[in-house]
Amino acid sequence: TYIDGDKGILLYRGYPIEQLAEKGDFLESCYLLLYGELPTQQEKNDFDRRIMQHTMVHEQFSRFFQGFRRDSHPMAVMVACLGAMSAFYHDSIDITDPQQRMIASIRLISKVPTLAAMAYKYSIGQAFVYPHNSLSYAANFLRMCFAVPCEEYQVNPVLTRAMDRIFILHADHEQNASTSTVRLAGSSGANPFACIAAGVACLWGPAHGGANEACLKMLKEIGSVKKIPEFIARAKDKNDPFRLMGFGHRVYKNYDPRAKIMQKTCHEVLKELNRQDDPLLDIAIELEHIALNDEYFIEKKLYPNVDFYSGITLKALGFP
């Protein structure tokens, strides 16, 4: 990944993130990141088929989940499940073997959505939904999360595309905290599943993967558009611990290119679900307007980042 923070540019293997998010799908970006080039149509078909052949997880995982409380944080569950994968797939735990590393990569890409959906289903007391390999990667994930046995699940192309974009935008971001954690764990010779579990544990932090959750919590705390000036004043007050979440980035000193894509995606999802009047979106739009025109934010280069709209989008999709 290449980032130019001053110009607001993000490239995956030389390709602009805007191009990949608009014209491709997540598995195409996975192929690009793994192999360095975009796939031909035949290579893409073969790669998709290979991923879909590995979407099932060992049936023992169903019993593994029973050891968790229903109200466990999903990231805690994911850390445990990813670490446990090394106990189930012994033929791909040698990190020094390139072939085993690739098999582990394929398995992780394939099985993480299944495990994440299982974690969600377990938390709400619903039956697990097995993967359906005729569906796309994103559609399969949404179905595993939200399908119920008593009715047929209808794939919504707008929501599926939104989920796909969320996956693409978060696929890679240079040497960030979780990537550094994975590489550090790997430097000790730890198996790939343990390394990824360590990375997910790092991603759990509120300053990293938890930022969109914190941003959504902030919008709820503000409560209404009328109260925005009060919170803006608090954000400017050095003696007030309140911080505006979803603004600014350690790398980007310009508008986060992922935020523009996420903003468009958020509007598409809310329109599809007939929720354009969502009060959280009204607050977000007004906050963004103020931040882009207020001298304080301009001087400090506090532009909206990808977390600003992704929390609202995920909430609208049905994730708690």
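Cβ coordinates come from backbone N, Cα and C, glycine included.
Annotation comment: Swiss-Prot describes H249 (among others) as active site. Counting every protein chain shown, the Cβ of H249 (active site) has 23 other Cβ atoms within 10 Å.
D307 (active site) falls within a helix when secondary structure is assigned with DSSP. According to Swiss-Prot, the feature active site maps to D307 (among others), an assignment based on sequence analysis.
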Note: in the chain of D307 (active site), residues six or more apart in sequence with C-beta under 8 angstroms of its C-beta are A211, N212, A214, C215, M245, G246
Helix, strand or coil at H249 (active site) [DSSP, three-state] | coil
